[in-house]
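**Q** As annotated by Swiss-Prot, transmembrane segment applies to 2-22, 76-96, 98-118, 140-160, 171-191, 217-237, 253-273, 294-314, with the evidence given as sequence analysis.
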Amino acid sequence: MFMVNLLLLIIPALIAMAFLTLTERKILGYMQFRKGPNIVGPYGMLQPIADAMKLFMKEPLLPTTSASTLYMTAPTLALSIALLMWSPLPMPHPLINFNLGLLFMLATSSLAVYSILWSGWASNSNYALIGALRAVAQTISYEVTLAIILLSTLLMSGSFNLQSLITTQEHSWLLLPSWPMAMMWFTSTLAETNRAPFDLTEGESELVSGFNIEYAAGSFALFFMAEYMNIIMMNALTTTIFLAMPYNMASSELYTMNFMTKTLLLTTLFLWIRTAYPRFRYDQLMHLLWKKFLPLTLALCMWYISMPALTSGIPPQT
C-alpha cells in the first residue's frame with residue numbers, strides 16, 4: 001500500500017513538473033509578444049512529452065576527463081532529493097507524518113547542494129566548477145534566512161509538525177501577522193531554487209551554462225526536472241506555512257483544490273518574476289542577504305520570542 005501511495009505522489013508531481021515547463025514557455029512567450037510552443041498537439045499541449053522523448057532518446061555523453069561515477073550519480077541524486085522533499089508535505093495527508101517535518105525538509109534541501117557541487121567538480125570544467133561554487137555559496141547563504149524565518153513561524157505554531165502549522169492558521173493566515181517575513185521567505189526561495197533574478201549559477205555571459213554545462217540528454221533532463229520539482233515544492237511549502245486553509249475531515253477534496261490553486265498562483269509568480277527582472281550581480285545578491293535580510297529576520301525572530309513573555313503567554317503546546 002505504501003508503494004501505491006508513493007506512486008500516487010510521485011507521478012502527479014512529475015506530470016505537474018512537465019507541464020510547468022510548458023507554462024513557463026507560454027508565459028515567457030506572451031510577455032515577449034509571441035505565441036510560445038503551439039505546434040506539438042493542440043495549443044502545444046504535447047510539447048513536454050516531445051521534449052522528454054527527445055532528451056531521453058539522445059545518446060548520453062561522458063566527457064573523457066570527467067570523474068565518471070560522480071558525474072553520473074549527481075543528476076540522479078538531485079532528482080531523488082527533490083522527490084524526497086514531498087514526503088512530509090500535507091496535501092492534506094502526508095506520505096510520511098514526521099513530528100519534525102519542517103526540520104526534515106530544511107535538512108533535505110541542504111543536501112541538494114551536494115549534487116550541484118559533485119556535478120561541477122566531476123565535469124572537470126572551469127565553467128562548471130565556478131557555477132557549482134556559486135550555487136553552493138548562494139544556497140547555503142539563503143538557507144540561513146530560511147531557517148530563521150522557519151524558527152519564527154515555529155514559535156507561533158509551537159511544533160515542527162506541518163499539520164500543526166495548518167491548525168495554527170484555523171482563524172487567519174500566518175501571512176497577515178508576519179508579512180515582512182513572508183516577503184523575505186518568498187525572495188529567499190527564489191535564491192534557494194537558483195531562479196531569476198538570482199540565477200547566477202548559469203550566467204550565460206560569464207559561465208555559458210553553469211554547473212550543468214557538460215551534461216546532455218537524460219542526465220541534463222534529470223537536473224532540469226529537479227529544478228522544476230523544487231520550484232513547485234517550495235511554493236507548496238510557502239502555501240502550507242503562510243496561506244494554509246484549515247483542514248476539515250469532511251472537506252479533504254476542497255483542501256486539496258485550495259492548496260493546488262495557491263501553489264499554482266505562487267509558481268506563476270515565480271515565472272512572471274523571471275520575465276520581469278534582470279539578473280542581479282553576485283555582490284548585490286550577497287549584500288541583499290547578509291546586510292538586509294539577515295538583520296531583519298533576526299530582529300523579527302527576537303520580536304516573536306519576546307512577545308509571549310511580554311504578554312505572559314506561551315505558544316500552544318502539542
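Note: Cβ is positioned from N, Cα and C throughout, glycine not excepted.
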**Q** For the transmembrane segment (217-237) against the transmembrane segment (98-118), do we get 3 or more Cβ-Cβ pairs below 8 Å once near-sequence pairs (under 6 apart) are dropped?
**A** yes
**Q** Please work out which recorded stretch in 2-22, 76-96, 98-118, 171-191 has the most C-beta pairs separated by under 8 angstroms from the transmembrane segment (294-314)?
**A** 171-191
**Q** Do any residues of this chain, six or more beyond the ends of the transmembrane segment (98-118), have a C-beta under 8 angstroms from a C-beta of it, and if so which?
**A** 70, 73-75, 77-78, 81-82, 84-85, 88-89, 132-133, 135-136, 139-140, 143, 146-147, 150, 154, 159-163, 165, 192, 201, 211, 226, 230, 237
**Q** Going along the chain, which residues at least six beyond the ends of the transmembrane segment (2-22) come within the CB cut-off of under 8 Å?
**A** 37, 44-45, 47-49, 51-52, 83, 86-87, 95, 224-225, 228-229, 231-232, 267
